[in-house]
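In Swiss-Prot this protein carries:
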DISULFID  Cys64-Cys73  disulfide bond
DISULFID  Cys69-Cys81  disulfide bond
DISULFID  Cys74-Cys91  disulfide bond
DISULFID  Cys79-Cys93  disulfide bond
MOD_RES   Glu48  4-carboxyglutamate
MOD_RES   Glu50  4-carboxyglutamate
MOD_RES   Pro59  4-hydroxyproline
MOD_RES   Pro75  4-hydroxyproline
MOD_RES   Pro94  4-hydroxyproline
MOD_RES   Pro94  proline amide
SIGNAL    1-24  signal peptide
Amino acid sequence: MPKLAVVLLVLLILPLSYFDAAGGQAVQGDWRGNRLARDLQRGGRDDESECIINTRDSPWGRCCRTRMCGSMCCPRNGCTCVYHWRRGHGCSCPG
């Protein structure tokens, strides 16, 4: 097989790894593993999450299963986001 044919064959097969067996697009995630995206892909779409849609210099957003506070997620449900002068945003959790 000539080199060009092999390259074209690889380029045709390579995109198939981005799709799962059911024919939908597989979640690729980032290097830490994007658990929330995988959960949403599996059908937890009715879970409401707070999200930052765009992050600087990145096409990815960030979603929280709890409250979104500044650029972070609060550790559990029931927290409120407060602003501390000179320290920025932080979560205030009961108990």
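For all residues, glycine too, the Cβ spot is worked out from N, Cα and C.
Counting only residues at least six positions away in the same chain, the Cβ atoms of Arg67, Cys69, Met72, Cys74, Pro75, Cys79, Thr80, Cys81, Val82 sit under 8 Å from the Cβ of Cys91 (disulfide bond). The Cβ of Pro75 (4-hydroxyproline) has 10 other Cβ atoms within 10 Å, all protein chains considered.
Under DSSP, Cys81 (disulfide bond) is assigned to a strand (E or B) in the three-state scheme. The distance from the Cα of Glu50 (4-carboxyglutamate) to the Cα of Cys64 (disulfide bond) comes to 5 Å. Packing around Pro94 (4-hydroxyproline) is summarised by its Cβ count: 7 other Cβ atoms lie within 10 angstroms of its Cβ, all protein chains included. Each residue contributes its Cα atom, and for Cys64 (disulfide bond) and Pro94 (4-hydroxyproline) these two points are 18 Å apart.
There are 17 other Cβ atoms within 10 Å of the Cβ belonging to Cys79 (disulfide bond). Neighbour counts of Cβ atoms within 10 Å were taken for the disulfide-bonded residues Cys64, Cys74; the minimum is at Cys64. Most buried of the disulfide-bonded residues Cys73, Cys93, judged by other Cβ atoms within 10 Å, is Cys73. Counting neighbouring Cβ atoms within 10 Å of each of the disulfide-bonded residues (Cys69, Cys81), the lowest count belongs to Cys81.
Straight-line distance linking the Cα atoms of Pro94 (4-hydroxyproline) and Cys73 (disulfide bond), rounded to a whole number, equals 16 Å. Under the three-state DSSP scheme, Pro75 (4-hydroxyproline) falls in the coil class.
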